[in-house]
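S.K.: Input: one structure, supplied below.
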Amino acid sequence: MSTNVAKHLAVPAPGASPRRDAPRPVLKLVLSLALFALAFVATSFALAWAEGWGLDENLAYEWAGALCFGLACILAGGARLLCADRAGLGYAWHVIWPFIVASVVMMAMQLFSYAEAGEAVAEDWAWGVGYEALLCLGIGLFEELMCRGLLLNALLAVLGRRRWGVAVAAGVVSLVFGVLHISWASVDLADALQLAQAVLKVIQTALYSFALCVVVARTQSVVGAALLHGLDDFLIMFVPNGVFGEPDTTAYVSAGSDALPTIVFYAVVIAVYAPLAVRAARELARAPMPERGAFVG
């Protein structure tokens, strides 16, 4: 990381501790988990309301979720999570750019595959690209505020005194983030191929999440992580969903003849992501401690 970025990140003094009048960390954790549940319920109600008004379901869900979890972060005492500065954005790019490069490569491969198959570009491709951009920005904000904003900072309030605690908090959040990507009710766990896909998808997503956790923990802001998360999703969805008009789907587990190719794909992505997650872990190893998150101190 460049010195110019490093010197502007928040660096706690040796032996620093939260203000004496700060609420107890355990109470912060309980409050944050309660707000997490309330925000989830509120997002579901917002989705039902949007469906009743005939609004786009995907956009309504992501942006309602971003709004609800953003408010939850503020109520938990983490309003600074919604702020950003040049140093924090630069650090986010420093940690995440290799993942973006990997997504650019995958986008190029998708484009080549569609071109080779002679697929026709959607007539309303410009609208489709704009829609995907707005959707992906909502996804980035929603998922970062939910997982790296509310949940990570709640755990850091309790575990952030020591480096191992920060690593555990990031690991737990990353595992939760990975598990939330799978529609477990639709997965046949007795089918070894489907189970393998689900497990590999959780691992792949968790590796990416760990790097995002490092960014949010160090910058105490979700803005840089959310913008790059949204960009990463957009790069993956730009060609099939934006340019060629395929419907958006979150089905990460396939059955039948698609199962084995999906397993191979996830395995390749994990092989790419693993060293990038190790790189992020080294950033964490160099970070000053304690790191109690945005809800304490």
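Indices start at 1 and increase along the chain as displayed.
Glycine is treated like the rest: Cβ placed from N, Cα and C.
Remember, predicted model here, so these are calculated numbers, not experimental data.
As annotated by TrEMBL, region 'Disordered' applies to 1-22. Sequence annotations record features per position, and here TrEMBL assigns transmembrane segment to 29-49, 61-83, 95-113, 125-143, 164-186, 198-217, 222-239, 259-278. Feature annotation from TrEMBL assigns domain 'CAAX prenyl protease 2/Lysostaphin resistance protein A-like' to 133-234.
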S.K.: Out of 29-49, 61-83, 259-278, which stretch touches the transmembrane segment (198-217) the most, going by CB pairs under 8 Å?
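M.R.: The stretch with the most contacts is 259-278.
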S.K.: Looking at 29-49, 164-186, 259-278, which one has the highest count of Cβ pairs under 8 angstroms to the transmembrane segment (95-113)?
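M.R.: The stretch with the most close Cβ contacts to the transmembrane segment (95-113) is 259-278.
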S.K.: Under 8 Å between C-beta atoms and at least six residues away from its ends: which parts of the chain pack against the transmembrane segment (29-49)?
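M.R.: Residues packing against the transmembrane segment (29-49) from afar: 23, 57, 60-61, 64-65, 67-69, 71-72, 75-76, 146, 150-151, 153-155, 157-158, 295.
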S.K.: Mind checking which residues reach the transmembrane segment (164-186)? Cβ under 8 Å, same chain, six or more beyond either end.
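M.R.: Contacts of the transmembrane segment (164-186) (Cβ under 8 Å, skipping residues fewer than 6 from its ends): 143, 147-148, 151-152, 155-156, 158, 198, 201-207, 209-210, 213-214, 217, 250-253, 281, 284, 287, 289, 291.
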